[in-house]
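Student: One structure coming up, written as structure tokens, with questions to follow.
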């Protein structure tokens, strides 16, 4: 039996996202006053996605308690729809976008923080809020994946949805630049147009990799082995996860070094 019920964990995580969003929106930052406001930033969009996702999880928990023991088929049908939406959000948005934000932010930050998070922002954003936006997202979503089995859609459909989200955000970023003349992230100001196309393509590929990684982790956690064949499959999933992470880290390091060589 878990030390803390999953329902309590979800409520706590949801409240933490509400707190982070409220503090972030209260910041008196010049970027919030320009075209697009906070919605220019993928970090803010991801926070909204996570808050909506965990809000849906809490809603399902409450609905399950209210309908427990009932015999209403309509209520069960509506609950199954909510569960289907929750699983789709986990697969297509919550995990890949959350993992992408954490991975890319800290990769660029550790290489050269001015590419993504100029030191000027330290005057506006406290450290705890920075970690709330860029660090705790991944542990929170992994906790949810570990406590609840989520059904993933067919991989081709899931990847198509992830690509659609990525391309949509890229187009939004380009539109903001078209209107304001300023790129949302400093990294985009420092590279040539062709390098931007490559950068956007690579980032779309990375978020697709995170979708597949989420699917692998979900299968690894919930496909419990009972036979020798399942044991082998379980080990294969684990090895695939390790290989995918190692490849992603190596690729990101090589790509960052080649596009942004140190002087």
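The backbone N, Cα and C atoms fix where each Cβ goes, glycine too.
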Student: TrEMBL tags one of 128-145, 218-235 as transmembrane segment - which one?
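Tutor: Checked against TrEMBL: transmembrane segment maps to 128-145.
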Student: Do the transmembrane segment (88-108) and the transmembrane segment (7-27) share at least 3 Cβ pairs closer than 8 Å, excluding pairs fewer than 6 residues apart in sequence?
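Tutor: Touching, no - the transmembrane segment (88-108) and the transmembrane segment (7-27) miss the threshold of 3 or more Cβ pairs under 8 Å.
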